[in-house]
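These notes are about the structure you will find just below.
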Amino acid sequence: MMWWFLLIGLASAAATASSASSASFESRCQHFHKEIHLQNVHVLSTTYVPIGSNIPMVYNPPICGGTASSSISTIQFCQVALNVTTSDKSQFFMEAWLPSNYTGRFLSTGNGGLNGCVSYADMVYATQYGFATIGTNNGHFGDTGQYFLNNPEVIEDFAYRALHTGTVVGKALTKLFYPQGYKNSYYLGCSTGGRQGWKSIQRFPDDFDGVVAGAPAINFVNLCSWGSRFLKITGPPGSETFVTSAQWSAVHNEILRQCDALDGAVDGIIEDTDLCQPVFETLLCNSTAVDKTSCLTGVQANTVNEVFSAMYGLDGKWLYPRMQPGSELAASFIYYSGNGFKYSDDWYKYVVYNDSNWGHSTWTLADAAAAAAQDPFQISSFDGNISGFQKAGGKVLHYHGLEDAIITSDSSKAYYKHVADTMGLSPSELDHFYRLFPISGMGHCSPGTGAASIGQGSSTYAGDDPQDNVLMAIVQWVEKGIAPEYVRGSKMSRDGTIDYRRKHCKYPKRNRYVGPGKYTDENAWKCV
């Protein structure tokens, strides 16, 4: 059942122009383009999308999935496609979806990686809840940094401008389409989308009343350097420093052996990675070992230790935290494969050095220093002073998976502490507007081994109750003043049913198994 406060206004919706009969709504949509006269905005189309039809994706290029990204609409809405000019050398594409079941709420989605691609899945998810929803391509199409080459205007769009300008345009369209305008504005994004959410909080604190920021790529420039650093640590396949995927599996099993029970339950999930400080000398191969796929040489053990160590600059200053243990199975194919990391490579090629011939094999800490000094348009998004957002009455729900193999969850904890130190606030004082939830058993923005479906998107839907759904939780916090004390995640089975649930604690508290039920019993855990 849809949470009751989401239905405010729907009882009288039939009396409004936005949700009258299908025929009148269709006519309203088809003629809407005649009302749009916004500076630097070019309307490409306005399309009526009825219930049960394929959602048109005519402007989605093949590099972003093309028409294959389409899905069936569960509601009727008006799909508005536009190009927005940001300079004489740059523009971004955006869509606004204006539903007939409008609840008076506006929402912007974010992006991922270095793209370049409208988050249609998130738009579908938000629009079905009655949000007037927008998404942009963040200044370029495609999941590559090549469009940044020789074009700082495109970099500026990617850093902050496309999201902010798209939000301004989207709000204007919402006011034009619905006589009642909007009551509250929200943001939903993960990874790069998480960084965009934080950048908005830091630079444009009035843009959103509520922000859901997952696994944010904050401290972005150093994150790119961190991604480059792993090749320097592991070396190429076949080198004495390289650790094979089979050996990483042995490392993972050893990490679980040392750390799984620290939370009181042996369930294959690490609840608090801060407590996990594994020692890898236990995996050293002895002189008689025949099968060396499950043990490490001394050199390889040093490689593993370096992987799980923080990155420091040439001057000895901290740049980026360690990779949290528990992510190594997936990370061995992403960062530890000996082939470099595409997004890091692209950032250095097309932004730092503006040289498409730059090679990742030459990377050193001197390059990290050059990148950090550049930080175009403050894309790092690591400003610890978010007092503007606090004063504006904004609320932010920040989550991060503890099995994230792309952006270490230690980065989110580091930022939380940075905000606390910068603003001189205790956790209880931060609670009024900023709450962080580390999610055990969650990978990068998506489920992993544990109860990690928290309603951050259609693929992780586990109910409409705010305790099970971070989007509904931020709405309840903004509109009812009821802040989430925990986020309840669901472990989904292959048939879509729920195997078990677990409540994920608000940082800096940690989850502890206290019994007496099984570890699958959510009431057998306590935040301490």
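Just so you know, glycine gets a Cβ as well, placed from its N, Cα and C.
For CYS505, the partner cysteine in a disulfide bond according to Swiss-Prot, taken from CYS445, CYS527, is CYS527. Record source Swiss-Prot places CYS285 in a disulfide bond whose other cysteine, from CYS259, CYS295, is CYS295.
When the candidates CYS117, CYS190, CYS224, CYS259 are compared with Swiss-Prot, only one is recorded as disulfide-bonded to CYS445, and it is CYS190. The disulfide bond recorded by Swiss-Prot for CYS117 reaches one of CYS29, CYS64; that cysteine is CYS64.
CYS64 (disulfide bond) has HIS444 as its nearest neighbour among the recorded positions ASP263, ILE269, HIS444, going by CA to CA distance.
Note: the Cα of CYS78 (disulfide bond) and the Cα of SER191 (active site, acyl-ester intermediate) are spaced 28 Å from each other. The recorded positions listed here (CYS276, CYS285, ASN354, ASN385, HIS444, CYS445) include HIS444, CYS445 as those with a Cα within 10 A of the Cα of ASP404 (active site, charge relay system). When the CA atoms are compared, no recorded positions among the candidates CYS117, ASP263, CYS505 lie within 10 A of HIS444 (active site, charge relay system). Its own atom aside, the Cβ of ASN354 (N-linked glycosylation site) has 14 Cβ atoms within 10 angstroms in the protein chains shown.
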